[in-house]
Every structure is written in C-alpha cells, then in structure tokens.
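Asks: Here it is, the structure in full.
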Amino acid sequence: MRKDVRILLVGEPKVGKTSLIMSLVSEEFPDDVPLRAEEITIPADVTPERVPTHIVDYSEAEQSDEQLYQEISKANVICIVYSVNNKKSIEKVTSHWIPLINDRTDKDSRVPLILVGNKSDLVEHSSMETILPIMNQYSDIETCVECSAKNLKNISELFYYAQKAVLHPTGPLYCPEEKEMKPSCIKSLTRIFKVSDLDNDGILNDKELNFFQRTCFNMPLAPQALEDVKNVVRKNMTDGVKDNGLTLKGFLFLHTLFIQRGRHETTWTVLRRFGYDDDLELHQEYLFPLLKIPADCTTELNHNAYLFLQSVFDKHDKDRDCALSPEEVKDLFKVFPYMPWGPDVNNTVCTNDQGWITYQGYLSQWTLTTYLDVQRCLEYLGYLGYSIICEQESQAAAITVTRNKRIDLQKKQTQRSVFRCNILGARGSGKTSFLQAFLGRNLLKQRKIKEDHKSFYSINTTYVYGQEKYLLLHEVMPDFDFLSEEDLACDVVCLVYDVNNPRSFEYCAKVYKQYFMDSKTPCMMIASKSDLHEARQHYSLTPLDFCRKNKLHPPQPWTCNTVDAPNKDLYTKLTTMAMYPHMAQADLKSSTFWLRASVGATVFAVLGFAMYRAILKQR
C-alpha cells in the first residue's frame, strides 16, 4: 500500500475549497477565509487507513497555470469542488476541469477523481440528479460527496473517500460499464483461491476459509458468520457452494459483491496480503525478499521449506502414485505466470518408468534451483504462497545460507547437505552418460532422450555414513582455454576419459595440471566405458602412473552399458570426497574409509526405501 496520500482540491473560485480544508482542520467553520490554505499533513495515526495524508489547496488568484499543472502531476487523487447552488460551477466540472486534468495526466495511469458538492446547507434539493450522468460518463470518477463546510456535514467523509480512492481504487478491480470484475482481478483472485485451497479439491471448506480469514484479517469467522456468507452465495448462484464449501465461482462472486457495495478495501486487503501491488502485479519485494549471501557460502532449503514443498506435492499428486504426471505438473504451476520447468527437468532428476517426475525427483529439482539460483527459488516459493501458508515474514525464511567453506575446512566438518561435482572431459568421453547414470538410467534408456531435452545437470541423493546428502553433477563444456570461475568452483572434480579412445586422457591430464594441481578441490579420475577394450593413451604417462605421480586415486572403472541400473558406488565416493576435503589423499585411498562409506550408504538406502514404502501406505 502507498506510504502516503496527496489530495488536491480544484474548482471554480468561491465554491468553498479553502473552507472545506479549514473546517476539517479546526472542526469549525472559519470566520475569515484566506485566498488559499497552506498545504497540511494529517498524521498517519489519526487517519482511518493509518497513512499520512497531504491536503493541497488551489487558488486561481494566487497560483499560475504552471503551478496548477505541477500540482495535478503530483496528486494521487483530485477533488473537483462545485457549489450545489451554482449551475455554472457544475457545468465547469465537465467543460473545463475534467478535460484539463485528463490532458495533464497519463492515459494509462489516470488519477482518481472525487466530485464534491459543497454548500449543501444553502439548498433543500440534491445535485445528484445532475451529477449521476457525469459519473456514468467518466470512469475516472470514483464517487460524489455532497457536504457543507459551514455545517461540517460530510467533511471527514469527503477526505476519507479521497484517501480510499487512492489506497483502494476501483479502476484495477471493476468495470462499471460491464458490471463485472476485470480479467486481471479475476486472474489474481483465482491464484489466491488455488493457494488457499490446501487440499486442491476446488472447494474452500470451513477450515480453509477460516485460515484464509485469519491470514487476511487477523481473525477467524464465527460459525454463524461463515454460514451467512455461504447462504448469500447460495441465494445468488447455483454452483457457488458445493459440499458445504465455497467454489471458485462463489469466491469470485463474493468479491464482486464487495466491490459493488463499495467495500473495495476488503478485496484490496486480500490482494495485498497475497503480494499484489496497485497494478495487480506481484510486488518485487514480495517475490524477491532481501537475502544476504556472503562469498563462498551456498544456499539450501531448510526443514520447514521441505515440509511445505512436500505438502504442495501431496496436494497435486491426485492419483497418489508418488509421481507428477504432465497434467499434475501443469496444475501445480497454474499459480505461476509461466511454466518454470521445461522438458530438460525430466532428465535432471529421477523419474518413474513413464518419465514422470517422482517425489524424490521433485524435491531434488527444488534443491537444485535453490543451490544454483536462489532468487529464482524465492520467486517460485512466492508464487506458491510459502510465506502466507507457513505464516512467515517472507520466503527468505525457507533458505539456509551455509557457512563459509574455509570454516568447514578449519573445523574439519560441514553442516551442508548439497555438494557440487563438476564433470570435465573431452567430447565423447561419457560425461552426459555419467550424469544420466546417476538417475538410474542405463545406456539403453539414455538413447531414448531427445537431443534438445538433454540437461547439463543431474541431482540425486546419496548416503555417506548414514547421512542423506544431495550430490549435484554439472557437465562442463570441454573448452580448455575458457574455463570460467563457475566451471572451477565446486566441492569435487570428476575428470572423465574414454578408455577406448587413445586421445581422451590427454585432456584430463592437461586440465588437472593447469587448474587443479595446486587447488584444495579433491579430484577423481573416471575410466569411462570400461566395458570396451582399453586402448593405450597417447600421453607421456599412463592414467595409472599419472594418478600415482599426482597422489590421486587410481582411475575408477565405470560403464553404463548394463542390463540393470548402473552402479552408484562412485557417486557415494564423490560425495564423501566433497564432504571431507580436508582428509589427505592417502586417507581417502584407504579401503576401510571407502568400505565404511559404502556400507553406510547401502544400509541407509535399504532403510530409506522401507520408510518410503511406509509413508506411501500412510498417504
């Protein structure tokens, strides 16, 4: 909502503009009225909307046309004052003032107008019969108020309506000619309905309505009040209430009714609570709350964020198969202005046999987005209504910023859950296959992936010493001379060469010597396509001798040309290296170290599957 409101009073001389302002301030009619009142500011604590209000007077005798134009450009709302006993001043409203104001304001952001009929104490009849056709002709006119500066009649109401016209404008919400809400308002309220429909059954039940009411207005509805609301809808439309809950049609009808009855503030309160600005766009401050991320720190979702995302998954997994079909994914993202996930996502995370994103894959994709682009993650959580549903100040409450990696090295332990492994190697060495194998796909399944649907990332969970961790694999393009800081910034490096290609290892050796020989980033050499004949590499040292000389692990044989899902032991080893970079290479080589890590992984993978099945039964 606006931080302040600026009200300008214009009109013909002697219609009582200055008297209205002075009567408001002193609460009595002034004996001596100056040509123009000084600008006054009403403090926030004495206005109904708790917003500072500036009231500006205009005097033709004291001000030039240029000064008037400047004031029009600065005003948030303009009150055109006429005298109810002066026909000429009424005629000037349409012949002079409205055209003048429209000429000086942008067509797409017209300032709201209030027609003010002053001196009602001097006549017995109302001017509304004359004014109504004018109001119907100009959509910029919010309302008309008849008042008397002398009798103090409707003075405070006048300025309240002016304030309301700025803070709760009709224009973005409603089309008076069509007598219905505007499409942008319907779209915004539809998103709000879907976010508030916690079980996604298309109905707001009593529990959901009460949560919505408490969220927006800080108080639940009494049971009788709840029934009264539903009865109003029932009387006016047949499909507004279903199974004793409010449908989307009923929800939209209620807001149309509020607007038609002049209760715009009710709809605006709801819209603003759900992050909308005066143009019915989601606020940048709502979508992108401030989040400071120091250098060498990463971003992860915290426990409460995962619980929220699990509830969103359950809400849209209609068939309870623990995977999201394309239709279910589409339904989930209906609260977004665009589809955030492309076909590459299905090749970045785990899917079922039908190629649908599984529950684990869904959480993995959110983890990936948080790690790589936390601002985008905040935006996505904003669309889903995280801060509202979880009753947090903003989406920033969902994010954990990890401590600096240097501290982890000093303390020889880490609290991080997500580790990045960059995959480097010459073209055709098997990098893409290595990424896809992490998702359980053998060579046969990988051949079915369309070229334009491939991903340079894959992410999945691994278990190290009984702890579930995410390993994020990133395939780096093999441009030796242009490796960027991002290509080099990771927790562990995987250098892949093709055992069947005699020129493949040379690239890995050169990359290691130039970029990683003196770094503290642990490296692993992968002997890819180990099911094929091992060719002699055209390099001065064999891969094994190169590793021995540089105190690296021996090259790890690997293939995805298998009948079943490829072996995942290597991914556990990579996660372990990422978690414990402080350990000397000699310690990492020890068989007992790897044995403990891999046994822990096996045990917890079995336990994890058992728990997963138990959760499935509950759901």
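Heads up, the Cβ atoms here are built off N, Cα and C, so glycines get one too.
Found this in TrEMBL, in case it helps:
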type	residues	note
DOMAIN	2-168	domain 'Miro'
DOMAIN	304-339	domain 'EF-hand'
DOMAIN	416-580	domain 'Miro'
TRANSMEM	593-615	transmembrane segment
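In the displayed structure, how are the listed features positioned relative to their neighbours?
Replies: Remote same-chain partners of the domain 'EF-hand' (304-339), defined as residues 6 or more beyond its termini with a Cβ less than 8 Å from a stretch Cβ, comprise 191, 194-195, 198-200, 351-352, 354, 356-359, 362-363, 366, 380-381, 383-386, 389-390, 397-399, 616, 619.
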Asks: Quick one: mean pLDDT on the domain 'Miro' (2-168)?
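Replies: Averaged over the domain 'Miro' (2-168), the predicted model reaches a pLDDT of 90.
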Asks: Sort the residues of the domain 'EF-hand' (304-339) into helix, strand and coil with DSSP and give the three counts.
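Replies: Counting residues per DSSP class in the domain 'EF-hand' (304-339), I get 23 helix, 2 strand, 11 coil.
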